[in-house]
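Single-structure report; data block below.
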Amino acid sequence: MPVGLVAVPLARAVLRESSLPGTRIDLLGMALATCGLVAVVWAIVHGESDGWTSRTVLGTFAAGAVLLAAFVLWERRARQPLLPLSLYRIRPFVLSSVVSVAMHFGVFGSIFLLAQYLQVAPERSPLHAGVLTLAWTLMPTFVAPLAGALTDRVGGGRLMALGLFLQAAGLAWLALAAGPDTPYTRLVGGMVIAGAGMGFAFAPTAAVVLGSVAREHHGKASGANTTVREIGGALGIAVLSSVFLRYGSDHGGPEQFVDGLRPAVWTGVAVVLAGALCALAIPRPARRTSPDPAAPAQDRTPTPA
């Protein structure tokens, strides 16, 4: 909250408006997408406690599905859609979106539970546990610049795959090492590997997304990718929490917490590995024939995904 209170007025004072004249915000699209996603996530979160076949959960799932279907129908006819559906006919863009969902599914879902695990086994304060997770969350700061420099040489898809394989390896390390009395020194290696994987995936993802669409669609494409990342994070927390509650509990001792933590993190590993395979399917862009940076961008026509 304090950071936001400082950042908002600072951004208004420093950043220049970059919107195109005559454009309008797709308020109806925003409302349909937001309400639909909230309904689906709510149903996933409450499915284990209320029962997956309960009227409340099934009704909320159905409502979310209807709202999301209405969002797609509206976006197809809107003059200025929130999310141009034509972007999803571009294969690299689609695969990059899937990779983003998978990565953030595993990251946010796992770290949400691991931060609590660090408070339970052994007992630590929330601040202490948060500081210990910095071994994970700070790694992208150091790795992402290296990944950005290698993207053109190696290919964005390969680097994204490397990042997700590292992330899966780090999560698997944590799932195997986690125990009621596991010392932090046995966990930190997995956190470092998972964090390095995040760093290798971040920069190439942005490069592939923007490089796969025409320049006039950069804003929409970037916004769409950011949105699917957030969706992946929300789904990761919801799904992994449901798996956790299926096999364990946060009301008992460390043993019960670990019983739920392990299968939840393994679920994250499986999703991240699926994302890595999608990253390997991203084609490398054609090499530029002209070094002139001022040359106009080539017209990119959508290719079927």
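Along the chain as shown, residues are numbered 1 onward.
Cβ coordinates are placed from backbone N, Cα and C, and glycine is handled just like the others.
Automatic prediction, not curation, is the source of TrEMBL annotations.
Here is what TrEMBL records for this protein:
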DOMAIN    81-305  domain 'Major facilitator superfamily (MFS) profile'
TRANSMEM  25-45  transmembrane segment
TRANSMEM  57-74  transmembrane segment
TRANSMEM  94-115  transmembrane segment
TRANSMEM  127-147  transmembrane segment
TRANSMEM  159-179  transmembrane segment
TRANSMEM  191-214  transmembrane segment
TRANSMEM  226-244  transmembrane segment
TRANSMEM  264-282  transmembrane segment
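Long-range contacts of the transmembrane segment (264-282) within the same chain, counting only residues at least 6 positions beyond its ends with a Cβ under 8 Å from a Cβ of the stretch, are 91-92, 95-96, 98-99, 101-103, 105-106, 109-110, 113-114, 155-158, 160-161, 163-165, 167-168, 171-172, 174-175, 178, 201, 208, 236, 239-241, 243-244, 247. Here the transmembrane segment (226-244) has long-range neighbours at 37, 41, 44-45, 47-48, 83, 97, 100-110, 112-113, 250, 260-261, 263-265, 267-268, 271, meaning same-chain residues at least 6 beyond its ends whose C-beta is under 8 angstroms from one of its own. Long-range contacts of the transmembrane segment (191-214) within the same chain: residues 87, 90-93, 96-97, 99-100, 103, 107, 110, 133, 135-148, 151, 156-157, 159-160, 162-171, 173-174, 220-222, 225, 279, 282, 285, 297, 299-300, each at least 6 residues beyond the stretch ends and with a Cβ under 8 Å from a Cβ of the stretch.
Long-range Cβ contacts of the transmembrane segment (25-45) within its own chain (Cβ-Cβ under 8 Å, at least 6 residues beyond either end) map to 57-58, 60-61, 63-68, 70-71, 74-75, 78, 80-83, 231, 234-235, 238-239, 241-242.
Over the domain 'Major facilitator superfamily (MFS) profile' (81-305) the predicted model carries a mean pLDDT of 86.
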